[in-house]
């Protein structure tokens with residue numbers, strides 16, 4: 001009993017001691033709290049005022065050279081009490097964020113301004129290079145007047161006044177085509193007719209042709225009155241007609257500019273690219289050939305300019321709306337004409353290339369020639385030229401390559417194909433009127449510019465095996481390798497004049513860089529040919545001299 005009483009007294013003493021200590025601690029904490037001045041919690045800014053005030057504060061801080069640090073009162077407000085931490089947190093976090101965003105936007109604006117200035121400066125520099133290139137004597141060699149037989153088409157002699165009415169072109173559909181009367185006066189002729197009448201034995205159009213600008217304007221802007229599918233070929237192509245009876249070959253956009261051809265896709269299964277047709281025309285002109293028909297980019301309304309004006313029933317049946325509302329069509333052809341490979345607008349606008357049509361075959365017949373270096377178009381079989389290093393010896397003995405300029409004309413085409421990486425050159429064409437003594441038409445370039453990361457050395461096989469090139473071509477290639485006429489720069493400048501450049505550059509920078517790389521390869525190939533023929537005193541035979549008087 002006594003032991004129990006002692007334990008109770010000891011427990012009571014301990015409890016009283018703990019109670020005293022607790023009261024003492026609370027009194028001490030109260031004294032410490034009262035000694036600190038009370039800071040009121042700032043109310044958050046109204047929603048409609050907060051961004052304005054914060055931006056003003058940020059502007060003042062930027063003028064004072066601040067680096068986005070929050071004000072002192074915001075930090076103090078954050079530690080005043082638990083209840084006002086949320087409001088203080090707004091001041092601490094949102095003010096620096098808004099200030100940094102404002103300064104970042106300023107830097108972005110400055111960067112954009114600087115970038116635009118650099119682009120403008122670069123564009124002006126490229127345009128000066130292009131002008132200097134086309135002003136160079138190699139592009140302005142004097143030529144004698146073309147004799148009458150060297151013109152592809154002729155204008156009929158003047159008729160009697162009583163017969164002039166028969167020259168009037170009249171359409172069955174008067175509200176679609178224009179009633180026009182043409183004569184030998186150039187001012188009365190539409191651009192496409194002037195282009196046809198300007199074709200000679202040696203080129204499609206002269207170097208400084210004033211008709212190029214109105215012709216490009218027609219292709220890019222004139223009203224389309226008819227659209228029908230062009231027969232033949234492996235992919236979809238349309239023939240567009242204009243009110244002045246002009247026609248253009250339409251190739252639609254199939255893939256994005258920067259999208260490379262799949263490495264596992266064979267060249268004969270590749271897509272045709274609208275921007276490749278346009279770029280081929282510009283590159284052909286830069287090389288001084290003028291053998292690709294003028295091609296221009298255009299945004300076409302799939303409904304108003306194709307579906308509503310087509311008289312092609314087979315084509316009309318292939319239009320449909322995609323699940324996202326885009327208007328699509330696919331036509332009929334042997335390869336990529338199906339719903340899986342449909343051409344679609346966004347929702348109705350469709351990028352395309354329009355190339356001026358050559359004169360009708362009834363007026364100017366063309367002959368198709370099989371390329372001696374044609375690929376096998378087989379997944380397993382190689383062509384003869386791929387296994388026989390002396391293949392060109394036999395080609396040189398075979399008409400029409402055994403005389404005249406046909407071989408060096410073909411080498412010109414090979415250089416063009418290698419620069420734009422076109423493996424699909426199985427045939428080429430000439431105008432039948434001129435026989436074998438004429439230039440080659442550089443048609444159908446839609447499969448070019450598929451890969452920029454890989455060069456295809458097999459395209460240069462004719463140059464390597466034959467070791468023959470036209471002197472004017474060789475000199476222009478050397479000119480384009482110089483910094484003041486850099487091929488990538490002049491190509492960029494030339495393509496910037498196309499209407500579709502406003503949407504996006506027609507060739508990405510990697511493709512332009514590939515042009516420079518491939519040009520170097522061509523020049524090295526010619527140099528190796530000269531070295532190989534130096535021992536047998538035949539180095540001069542590598543260069544076919546067509547510019548005897550040009551220094």
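Using N, Cα and C of the backbone, Cβ positions are placed for all residues, glycine too.
Automatic, uncurated: that is what TrEMBL annotation is.
Computed from a predicted structure; not experimentally measured.
Residues or ranges marked as region 'Disordered' in TrEMBL: 60-88 (among others).
Annotation source TrEMBL lists compositional bias 'Polar residues' at 73-82 (among others).
Taken from TrEMBL, the feature region 'Disordered' covers 101-122 (among others).
Under the heading compositional bias 'Polar residues', TrEMBL lists 110-120 (among others).
According to TrEMBL, the feature ATP binding site maps to 235, 251, 272, 355, 356, 357, 358, 429, 444. The Cβ of residue 272 (ATP binding site) lies under 8 Å from the Cβ of 235, 251, 254, 446, 447, each of these being in the same chain and 6 or more residues away along the sequence.
If you look up TrEMBL, you'll see 272, 444 marked as Mn(2+) binding site.
What TrEMBL lists as domain 'FAM20 C-terminal' is 319-536.
Around the Cβ of residue 424 (active site), a 10 Å sphere holds 19 further Cβ atoms from the protein chains shown. The active site annotation in TrEMBL covers 424.
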Can you give the largest Cα to Cα distance in Å, as a whole number, for the residues 235, 251, 272, 355, 356, 357, 358, 429, 444 that bind ATP in the record?
20
